[in-house]
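Only one structure is covered here, and it is reproduced in the block below.
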Amino acid sequence: MREKQLELQHTMSRKGYARLAVELKAQRKVASISRAVVWADGHRDKNGKPKNKKVAQKIEDMGKIERNGQNSTNLKEDAVSKVLGAERNGRVKTFGKGVTQTRLTILSQMNGQFAELREENAQMKSQMSDMRNSMDKLKKSQVQNPATTEATPTTPLVSPSVTCHPQSDITKCKLLDWMGTGDVVAEGRWASSDPHSSAHCVPIGPNAMKVWVDVAKKPEEFLWRAPSDMTYIVDAVGSTIAWPADFVILDSSSPGFMG
């Protein structure tokens, strides 16, 4: 058993599958990548060659399954599972440390729910665009017919401006692992607790906060309500995301703290 494990030992050093997957998606400019591709890349040497004959055969077998269109999105039936066998101890290959089938199932269900929210949000944006076009036409019509403009009382077409807080008033915060481990996965800045506030065009909803991610403490941890173009904490650095309010610790020493 030990010899078999050594034969299929990866060549990633301390990088890990999760970070390798992020790099491969960036290199190929794709939103998703199959487990077979990640596994194969993680078992090649620095010259791009399979580590040994056993690995080369496994890569070839996975490639045949994918080329023949026999690959599945079901992790229990995809090319990796068919070639390497069932997962052990609940762990899932090529997804990084600590990732289990149960956790992936939960994430899949959540992604489905948020796909529906994104669709609804897209429809709302389309309706708002139509309304803006109608308002523009009305404004042009009023300019062309000043008599009508004078006779008709007008109301502001733009809502009052929203007050923006200067940088010094922003409250720093820490994001805890939403799976409840208590680990700090990122540090950033609180942006909003308004349920209607949006992160990546999706309302954050109740019991959530919109936060800026400045530092990824656990780069390979999964995001909560991940946008379509992000998966891990490291992907969100420099942007805003939604995070469950119960897992956000606000820094009481920050100038903008409202506690």
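Glycine residues also receive a Cβ, built from the backbone N, Cα and C atoms like all the rest.
Bear in mind that TrEMBL entries carry predicted annotations, made automatically and left uncurated.
Keep in mind the model is a prediction, meaning the values are calculated, not measured.
Within the listed segments 72-106, 107-141, TrEMBL records coiled coil for the stretch 107-141. From the options 144-163, 164-183, the stretch TrEMBL describes as region 'Disordered' is 144-163. According to DSSP, the secondary structure content of the domain 'DUF8039' (169-250) in residues is 8 helix, 37 strand, 37 coil. Confidence annotation: the domain 'DUF8039' (169-250) carries a mean pLDDT of 92 in the model.
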